[in-house]
């Protein structure tokens, strides 16, 4: 290639990189459906509000569904697919509550019932809107949701392996997993605060209160009074269906009490409490424990970044007529 042609090639490549730095997420915008289905956000919020009135579980279930969807093959509603062997069948997704799925399915039906909106809005976008709404309706920050995602065309249980954080993760493991999705340590700490609402089965943290290690059956980083409370709620042979609040103080409110709990060594999971125990993350925990507004801003920003992960465009996706079935 001649020098002139080489120069043109690199200039053209540079221009493309500038114009389309992240071509998939670049198509996302806040007014995406303004001319197609302008009522979409109002319609979804009405469904979400009604669902919350029926059951509080709607809030943590929808929020968790969005996170589990985005971390596996991107935010493409692939976790919604109901066929056997799909993402939802992986061990890490078996505890996803049905109310999250139900919220999206009902919201999709409501949107499609609006004249002009039928099959114009993706399940992935409806999940993103519903997630913002459950956060806002439970006391958390409201934020404008970027829209324009398409629904994914594949969903396999095998694709979930190694993509979701576990309750026993340390800071290095958490940071690595979030970094793989373009998220910083601060984003990770903010998103971890989703544990301010919702429930956990006893089996997810029983090792911390009964058989932590050979020297100490109870995790020494666990508040002793809180550990005793957990033992009373989760005896050794507890019914595996029993679940307890992840936030013992304000379990039905999305707030920064999550961080105050960590300061009191009342984080339910190892992956929660490590955020306070590790000196690299402790300053952020302390800052947000003392400043709810700063936390709300950080959480909204982190959710926006999370919503950009693995966005499908063009032939890589479509708009599903039924969120639980491929077209």
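Cβ atoms are placed via backbone N, Cα and C, with glycine included.
Taken from TrEMBL as is:
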- 68: active site, proton acceptor (ACT_SITE)
- 69, 72, 74, 76, 78, 87: Ca(2+) 1 binding site (BINDING)
- 165: substrate binding site (BINDING)
- 195: heme b binding site (BINDING)
- 196, 247, 250, 255: Ca(2+) 2 binding site (BINDING)
- 37-117: disulfide bond (DISULFID)
- 70-75: disulfide bond (DISULFID)
- 123-323: disulfide bond (DISULFID)
- 202-234: disulfide bond (DISULFID)
- 27-327: domain 'Plant heme peroxidase family profile' (DOMAIN)
- 1-26: signal peptide (SIGNAL)
- 64: site 'Transition state stabilizer' (SITE)
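Rounded to a whole number, the C-alpha distance linking residue 74 (Ca(2+) 1 binding site) with the residue listed as 'active site, proton acceptor' is 9 angstrom.
Scoring each of the binding-site residues (69, 76, 87, 247, 255) by how many neighbouring Cβ atoms lie within 10 Å, the top position goes to 69. Among the recorded positions 64, 70, 78, the residue whose Cα lies closest in space to that of residue 196 (Ca(2+) 2 binding site) is 64. Shown in sequence order, 68, 70, 71, 73, 75, 77, 79, 152, 155, 159, 310 are the same-chain residues outside 69, 72, 74, 76, 78, 87 whose Cβ sits within 8 Å of the Cβ centre of the Ca(2+) 1 site.
What surrounds the Ca(2+) 2 site, by Cβ distance within 8 Å of the Cβ centroid and not counting 196, 247, 250, 255, is the set 197, 249, 251, 253, 254, 256, 257, 258, 261 from the same chain.
Across the domain 'Plant heme peroxidase family profile' (27-327), mean pLDDT in this model comes to 97. Counting other CB atoms no more than 10 Å from each candidate's CB, the binding-site residues 74, 165 peak at 74. The Cβ of residue 234 (disulfide bond) lies under 8 Å from the Cβ of 202, 205, 206, 209, 242, 244, each on the same chain and at least six residues away in sequence.
For residue 68 (active site, proton acceptor), the same-chain residues that are 6 or more apart in sequence and have a Cβ closer than 8 Å to its Cβ are 79, 87, 92, 93, 96, 164. Counting other Cβ atoms within 10 Å of each Cβ, the recorded positions 64, 195 show the lowest value at 64. When the Cα atoms are compared, residue 69 (Ca(2+) 1 binding site) and the residue listed as 'substrate binding site' turn out to be 13 Å apart.
Residues within less than 8 Å, Cβ to Cβ, of residue 70 (disulfide bond) and separated from it by at least 6 positions along the same chain comprise 181, 306, 307, 309, 310. Here the recorded positions are 72, 75, 323, and the one whose Cβ sees the fewest other Cβ atoms within 10 Å is 323.
Rounded to a whole number, the distance between the Cα atoms of the residue listed as 'heme b binding site' and residue 78 (Ca(2+) 1 binding site) is 23 Å.
Closest in space to residue 64 (site 'Transition state stabilizer'), of the binding-site residues given as 76, 195, 250, 255, is 195, taking the CA atom of each residue.
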